[in-house]
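Here's what TrEMBL has on this protein:
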type	residues	note
COMPBIAS	388-397	compositional bias 'Basic and acidic residues'
REGION	363-397	region 'Disordered'
TRANSMEM	33-50	transmembrane segment
TRANSMEM	62-81	transmembrane segment
TRANSMEM	101-123	transmembrane segment
TRANSMEM	144-169	transmembrane segment
TRANSMEM	189-213	transmembrane segment
TRANSMEM	248-270	transmembrane segment
TRANSMEM	282-303	transmembrane segment
Amino acid sequence: MDIVIDGIDLHNFSALSQLKIQRFTENLTSAQYVGNILHLFVNLYFNYGILKTSLMHPNMKILVITISSQYSVIALGRIGETLNSKVFDHKPIVVTNTICIFFKVLTDTAMITSCTSILLVGVERVVTMVQRKGRIDTNGVLGFAMLGSMVLFGIFFSLSTLLYDIFIAETFDVFTTATSCQNLYTHPLILPLCWCFAGVTFIIGVWLLYYVYRHNKRMLQKHLNDPLAIRYQYATSNETLRALLPAIAGYGVMVVIGVIFSFYSVYAILSTNQNSFDVQMAFQLLYMIADFYGIYFVVYFFIRFRPMKKRLRNHLRLLCLLPQNVANTIKPIDRADPVQQTNEYFHQLSNVWNLNANEAIKGKEKKPAKKEKKVEKTTKTQKISRKITADERSNTL
């Protein structure tokens, strides 16, 4: 009888090796689940902080929360599938498989939407840049529309592959199949193709974000003497992009590693015609890479984005019973962003005032020079007139 652990066929291994592999996979999976649970709580706090900040466009808020939440949804799907297959294994197999299908669709939808999220962030920034010339969307309508399109695309893709496996390829039967539906794929190549698709959308999205960043810098220089509200919009947009671009760059590293491991897994599956130990380890590493990026995205945003960093520092002070700053005792934490906005307004005002003052000083310095010339001319004419009068008197005398 073949022994299968998490999709790993162990019939070619010795009894000791089977025991070691079993313990290793169980410990690895348990460590991942502990990390996933911690990430769920951190992500909830992260989403709360994003919703409270005012230094971010509503559409961008929706997309940033979506990016961070996708990895939490993947974690929920994996935890739910584990509980379904191991904790409640006394259920009828049709019930187990039905619940498994639900968690598979949930996980695959989150994975597919994560492939398009970076591109949609770039598109949202471009649309916001264009809207500055007309009516600006402040209700998050565009963000909700993009979120809905991402989710619908992910659900359609996951359902289409699942229905193909059940009704066309017949690799899965709800009433008889005993293996986990999480191991099903229409074809092994679908996994590296998804990673390649994520890489293409990532490149396009990063290029769009960089273009918007450069455009905002040019507009700040162009509108130096225009109303402050115009410059403030460009300044806040670049502040968000500076915090967002390095965090998204980590996504590119994850995609490169994912493409390498996924193509290796497909090569091993097609060459040996079975899911070997190293193939399943590659799949586990792919999940771990996604988990690490989800944590990295949240942590880096806390460190780099000023309102989030200030909010986290104040909450840590409360938890550690440390004395609060004077500014924080006077004003609640919700006023952190307006204070920063006020500082930026005054900074821009001082630049404008200094510019105008310098021009005024230069103008005043030039005007007295003309007066001095006039005074010199008058003194010369007075001297000449005095000489003439003196000569006339001498002649008369």
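Positions of Cβ are set from backbone N, Cα and C atoms, glycine also.
When Cβ-Cβ distances below 8 Å are used as the criterion, the transmembrane segment (33-50) is approached by residues 56, 61, 64-65, 68-69, 71-72, 75-76, 78-79, 82, 291, 294-295, 298, 301-302, 307-308, 311-312 of the same chain, each at least six residues removed from its ends. Sequence-distant residue pairs (6 or more apart) of the transmembrane segment (248-270) and the transmembrane segment (282-303) include at least 3 whose Cβ atoms are under 8 Å, placing the two stretches in contact.
Distant neighbours of the transmembrane segment (144-169): 59, 62-63, 66, 101, 104-105, 108-113, 116-117, 120, 123-124, 181, 184-186, 190; these residues of the same chain sit at least 6 beyond its ends, with a Cβ under 8 Å from one of its Cβ atoms.
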